[in-house]
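Database features (TrEMBL):
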- 315-328: compositional bias 'Basic and acidic residues' (COMPBIAS)
- 106-245: domain 'Sodium/calcium exchanger membrane region' (DOMAIN)
- 371-518: domain 'Sodium/calcium exchanger membrane region' (DOMAIN)
- 302-332: region 'Disordered' (REGION)
- 20-42: transmembrane segment (TRANSMEM)
- 100-122: transmembrane segment (TRANSMEM)
- 142-163: transmembrane segment (TRANSMEM)
- 170-193: transmembrane segment (TRANSMEM)
- 199-220: transmembrane segment (TRANSMEM)
- 232-251: transmembrane segment (TRANSMEM)
- 338-358: transmembrane segment (TRANSMEM)
- 370-393: transmembrane segment (TRANSMEM)
- 405-428: transmembrane segment (TRANSMEM)
- 440-462: transmembrane segment (TRANSMEM)
- 474-493: transmembrane segment (TRANSMEM)
- 505-528: transmembrane segment (TRANSMEM)
Amino acid sequence: MVTHGGPTLHMARRITSARIFCQTVLVSAGVLLVTILILLLSNNSQGGHRRRKDNSIDLRETFLPGDVAGSSNGTNCTRRGIESFPDGVFTNEQRQHGALILNFVVSAYMCGAIAYICSDYFVPSLEILCEKLNLQSDVAGATFMAAGSSAPEFFTAFIGTFISKDDTGVGAIVGSAAFNIFVITSLCCFFAGKSVYLTWWPFFRDVVVYLISVLLMSIFVLDGRVEWWEGLILALGYVGYIVLLSFNQYLSSNAERLLSHIKRKNKKNTDESNLTNPNGKIGYGTMKNEPDEVHDIKESSSLSIESGNHSMPCPRERRQSSRTDPPEKSVFSSPEGIVWKIIWVFGLPIIVLLFLTIPDCRRLGWQKRLYMVTFTMSTIWLALSAFVLYWMMTVIGYTLNIPDTVMGISVLAAGTSVPDTVASILVVRDGYGDMAISNIFGSNVFEVFVCLGFLWFIAAFINGPTEIASEAMAFTTVSLLLTVAFIVFIIYLNGWQLNFKTGIFCMTVYVCFLVVAILNELGILGIVEPPTYCKGPT
């Protein structure tokens, strides 16, 4: 995503396309396996597994107490999301005996495909579209580029709202927001190699808007249903955000002027107090204020060098400069390293299929003029990839008897956020740490206002109020609101600076948030009752 004129995924394309696919597949596989193992081990510690007569573990009894399958004739049971998808090749019993590993492989494969489509087709077509529409960099970043960055989350929410009609999509958006803010921020701190001084105005602006969006969402899901007008309010909130960005230069300059005035006033009062000793006599000044002045210099330099509002190139400038870059390797060029080559061979089918069905608008000539075809075809492929990923996650959750919302908050959220994670790390390594952090909050604003709000409005307007089956979702969103506010306060106390310690702190907060959210969804904390699921397919 381009936020405030910041870098986009074009930086990731400095590495071969195959390498992007390979990295995403490898990271996705690790994230999915670790998350599932944590869920299973946490339940093992509670003695949650039941054993059959042959002493084998019944994974259908893993998480939900009592009759986990519910009653097929029950009127108060919640339908499992798997019922909205096609029947798989394997039965539930076959998956429990090892076939489930194929679902993990396909899930990681789809994460790699989504990252590859976004990097090589979807985002480049959006960049050209923004150029043709002559959009300001901030508005382009908040609209089309936000769609490029949040495309996996959008299609996930779409599937959850209109196809499976469960809470997995909502949980994925909430979990993805937490993953983006805490995990990606911590990884940016780790990979930056030095302290990252945030430009305070865009960070402050996006954080305030995001907190407002989460607050509204928390209020609307409190009663377990979302009316059409509530979805409309969220959707209009994004329109207001775009209007805010349209006046961003004016607001930014006035905010900087006000901050400078306050700093000068405070400095003047401090200097006067330091020049007077306790006896009331004039004396020599102290070195007390010099560190603050040095810090101010650092802040001002970050404003002039790293700020997306002032000196970072706009999308058009970046595109023009990128034309002087060395010619890109063929999409069929294999990456270096034996591990990457193996994964590359594994990914060749989807790479070839995309090459044959989507024009590469990055190349000069007739393909560049077909950017709308690129946009349309990449959108279709993103939707299909997100559908398969959602399907695989639903099957995994059903087989291990993990509630749909838990799968959404943890595994699916992490899976859909992997492309953003890889892109953010690459951007940070290129020296744009400030922009990577701004991108996180900008993407989250889009996900709440559009991926949830707009889709809720459409669904409720057509089919009536959207039901939120999980009673814990309101608690989870409020917890997210409080933890984000706390993180922002810590960053403020740290002088708008991100370093290794901040990264450790953010990662710790994420683990705590995820554990509390999952335990609450399972009803272990006693705050809410877990949903009773209807009997699903065998």
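Positions of Cβ are set from backbone N, Cα and C atoms, glycine also.
TrEMBL: automatically predicted annotations, no manual curation.
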Is the transmembrane segment (338-358) in contact with the transmembrane segment (199-220), using at least 3 Cβ pairs under 8 Å (sequence separation of 6 or more) as the test?
no
Taking 3+ C-beta pairs under 8 angstroms (sequence gap of 6 or more) as contact, is the transmembrane segment (100-122) in contact with the transmembrane segment (405-428)?
yes
Beyond the flanks of the transmembrane segment (440-462) by at least 6 residues, Cβ under 8 Å:
1, 3-4, 141-142, 146-147, 149-150, 153-154, 156-158, 161-162, 170, 173, 176-177, 180-181, 184-185, 203, 206-207, 209-210, 213-214, 217, 226-228, 230-235, 237-238, 241, 420, 424
Could you tell me whether the transmembrane segment (170-193) and the transmembrane segment (505-528) are in contact, taking contact to mean 3+ Cβ pairs under 8 Å with a sequence separation of 6 or more?
yes
Can the transmembrane segment (370-393) be said to touch the transmembrane segment (142-163) if we require at least 3 CB pairs below 8 Å and skip pairs under 6 apart in sequence?
yes
Quick test of the contact rule: Cβ under 8 Å, at least six residues beyond the ends. What residues does that give for the transmembrane segment (20-42)?
12-13, 62-63, 104-105, 107-109, 111-116, 119-120, 335, 339-340, 343-344, 346-347, 350-351, 396, 400, 402, 406, 410-411, 414-415, 418-419, 421-422, 515, 518
Non-local residues, at least 6 beyond the ends, that sit with Cβ under 8 Å of the transmembrane segment (474-493):
171, 174, 177-178, 181-182, 185, 198, 207, 210-211, 214-215, 217-218, 221-222, 224, 409, 468, 502, 505-506, 509, 513, 516-517, 520-521, 527-528
Contact between the transmembrane segment (142-163) and the transmembrane segment (405-428) (3 or more Cβ pairs under 8 Å, separation 6+):
yes
Outside the transmembrane segment (170-193), six or more residues from its ends: residues with CB under 8 Å to it:
153, 156-157, 160, 214, 221, 404-410, 412-414, 416-417, 420-421, 424-425, 428-429, 433, 436-437, 440-441, 443-444, 447-448, 451-452, 468, 470, 473, 476-477, 480, 483-484, 487, 498-500, 502-507, 509-510, 513-514, 517
Let's see if you can do this one: DSSP helix, strand and coil counts over the domain 'Sodium/calcium exchanger membrane region' (371-518), in that order.
126 helix, 4 strand, 18 coil
